[in-house]
């Protein structure tokens, strides 16, 4: 109904006066709104319009954080090389002295459990499935952060980061399946089809289930932030049409490949494990192992939380890539230290324990998320709180899988290395 005159300004037609519009409470009413827009030509090119939002604020804080993290890692590396390399050299030199039979009879420390250290753990299928998902996550996160660091995933193209992450996770299924299949074969597993199905559905199934339940609550509130039902169906089709076949393919080749060669044979009868000290408790191990990797990435975590929950823009992917590398190094080092202490205590059940302990920093992420919720956010209603803790649970689970997998493979390589060095 609006007419434009010669000067391109709009006028409302006659008859629509600016008198108040009457509202009848007994029925639905139609309301009319008007607004005016004044256009100004800008000298800034279209491609540069986002620069004002993407300027790196708080760069100094990030540099301090990176330097702090690097110092932590060097400190950890120093302790690691002093304890492990010096002690290991001494251990290996002592173990390889073949003086007389009596000395070799009185074995102690980690050499004592050589006949049990590669004994397959309980639930090998679930362990290999979780580690397969961890490898899938690791490959996906590494590529996404690297591509974002090169500036290909700008926040101006809305949803690009999430879409890229989803697609990459689907296609990385082939690597996850391969790693899981090979490890499952090493752990003397033989039901490869069931193992492949478990790898393809265990972690994605939990993620999809939590997201679907949370989405139902958002639908219930008629929010525009809800994921439309066709999009959910499309994600399901991608999961079963792309990810599942690729995991099966990777698992098949991984299972057919030679298993990892363990340097020592496993005894028929498992040896008795001596009573462990209080500090060798699993939960104490999680608390001890998690603090350093968490300290290395704590500042970056604050900015990521602000970006997700307080509508800030996060565009410091260069810093994030550095922090990711530091996280990988610190997780690997701390898990090697923990597995060494465990084997010295003559406890050879390291497979599951190392996976849980390496992911210890996820516990601190959870504690920090609760602290952030209480101190920084003013959320009082039930559904927003549920959304916060639902999505936080997904973040913590993914982070635990990622750090646990990094730590597990570092420890596995270390254990194979040290037992290959002693004469048995």
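Note that Cβ sites are derived from N, Cα and C of the backbone, with glycine treated the same way.
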Field: Residues flagged as transmembrane segment in TrEMBL, choosing from 29-54, 159-184
entry: 159-184
- prompt: Under TrEMBL, which of the candidate ranges 232-255, 256-279 is annotated transmembrane segment?
  reply: 232-255
- request: Report the listed stretch (129-153, 196-220, 232-255, 283-309, 315-343) having the maximum count of Cβ pairs within less than 8 Å of the transmembrane segment (61-85).
  value: 315-343
- line: For the transmembrane segment (315-343), out of 159-184, 196-220, 283-309, 386-415, most C-beta pairs under 8 A are with 386-415
